[in-house]
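Features of the protein shown, as given by TrEMBL:
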type     : residues : note
COMPBIAS : 120-133  : compositional bias 'Low complexity'
DOMAIN   : 18-89    : domain 'KRAB'
DOMAIN   : 143-170  : domain 'C2H2-type'
DOMAIN   : 171-198  : domain 'C2H2-type'
DOMAIN   : 199-226  : domain 'C2H2-type'
DOMAIN   : 227-254  : domain 'C2H2-type'
DOMAIN   : 255-282  : domain 'C2H2-type'
DOMAIN   : 281-308  : domain 'C2H2-type'
DOMAIN   : 309-336  : domain 'C2H2-type'
DOMAIN   : 337-364  : domain 'C2H2-type'
DOMAIN   : 365-392  : domain 'C2H2-type'
DOMAIN   : 421-448  : domain 'C2H2-type'
DOMAIN   : 476-501  : domain 'C2H2-type'
REGION   : 112-135  : region 'Disordered'
Amino acid sequence: MRKRAARQARRAPAKVALTFADVTVRFSREEWGMLSASQKEVYRDVTADNYASLVFLGLMTAKPLLLSRLEQGQEWYDEEPTETPWFPCVARKGSRPYPTPRPQETASEILKKSNRCPRRSSSPRLRGPSTPSECPLKHKRGYKCNYCGKTIGSRRNLFTHKKIHTGEKPYTCPTCGRRFNRSEHLIVHERTHTGEKPFQCKDCGKQFSQKANLRRHVMIHSGEKPFKCSECGRRFMEKVYLTRHEKLHTGDKPYQCNECGKSFIIKKVLRLHQKSHLGPYPCAECGKKFRTQVALKYHRSTHSGEKPFVCAECGKCHTTKAQLMYHQRSHLEDPLYQCSYCDKTFKQKTLLRSHQSIHSGERPHKCTECESSFRRKSALTKHLRTHTGERPFACPECEKRFTTKDSLQSHQQIHTGEKPFKCSYCEKSFRQNRMCQKHEQVHTAERPQCSQCGKRLRTQRELTTHLRVHTGEKPFQCPHCDKGYHRKNDLVKHMKNPCKE
């Protein structure tokens, strides 16, 4: 009996107590960085299940530091890489009817739980089959939002996406109190207070607060426009601009105003339009009314004289941030945009395009009612109002209507008595900058001269109109008859009376 018991004891395997380290995976800093958010989430769940099984078996009581840090959302990795295999076997076969720690799982099974394809994994340890037919994971499209039905690639991104619907903004800026729904948005926003611009262009040295802005800027130097329109062949630097452009061909206007039903191609234009339904916000000082509180805030600074935006280069103060940014371009040593016709340089691409149309004579925007053509679309829009009679800008004081916003603003100064443009030589002031410039020529005696007849005019604009007498050009034509005029005012007077056939 004793000999039989000794033989059975020698045959029986030695029982070794299972520890938490036996069922725990360790990563180096580099390996941990390769894991996606969903893979880290699976790792945390597996570790928690293994710990619960060990507690149930009575093999441990205290919660390990690893699990505590994972539950708090902290990063976890070993300082030195280990040779521990990825998810070692923790199975112990036996007849004991108790739950055991989770057995070894393959990389494909781990990634299947994270809803991630092993072929797309960035970690070499997790890469699976090279072909879709061999991939054990059915290629699902992610997680569906129960608010809008949109499908999101990962659980973490779905959680962030839902904050758009709930309005939750848990991240607050300590400087200005502005709130954000994502921590990375807060980090970028804080750079507006600190002035930090960590991303620098290697070609011109210009710095940016966001990497995406640097990428866009680099394309200016390289001239790269990778996105091409299949309809007209026009190229764009970004896909969002191509998508916006393609709507011009399809006629798609997905953004509709809830107030008046008007539709727009671009969401930003819709937001600007919606402001027309707001307000009015009157100024307490002069009674002038504005459609938005932001416009009212900027207007108040004209009364107080406050100019909070200071140029770091020369110390010049500005009323708005937009004015400061425009001014800062004057300090650039090397203008970015050069005209290929006359080598003139510009600090803005829009100014270069406008200038180049002078050389080419190109007037791509043509009026459908008459034969007039224009270099800019905005000029065509204003011109079309002479045919339609549309006057969309109304004065809130006397209800007089105008075709352009500039004309309305100039008219409103009659009611307010405001004359912001002062002569540099005397104390006289004017409502319009054009009138001020014309007056200053009285002091300087500067009068442009006609090259044909030698006549001197008060302004360059008058000289341009005068030259049409010599060239015979009559750009302002009546749409109802064949009459043409040198000056726009003459056409307006003509159109007020019925045309004589």
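Note that Cβ sites are derived from N, Cα and C of the backbone, with glycine treated the same way.
Bear in mind that TrEMBL entries carry predicted annotations, made automatically and left uncurated.
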Predicted model, mean pLDDT over the domain 'C2H2-type' (421-448): 79
Residues of the parent chain within Cβ reach of the domain 'C2H2-type' (309-336), under 8 Å, 6 or more residues beyond its termini: 204, 220, 298, 301-302, 345-349
Spatial neighbours of the domain 'C2H2-type' (199-226) far in sequence, C-beta under 8 Å, 6+ residues away: 188, 191-192, 235-238, 334, 336, 349
For the domain 'C2H2-type' (365-392), sequence-distant contacts whose Cβ falls under 8 Å of one of its Cβ atoms, 6 or more beyond its ends: 354, 357, 401-404, 475-477, 479, 491-492, 495
The domain 'C2H2-type' (143-170): DSSP-derived helix, strand, coil residue counts: 12 helix, 4 strand, 12 coil
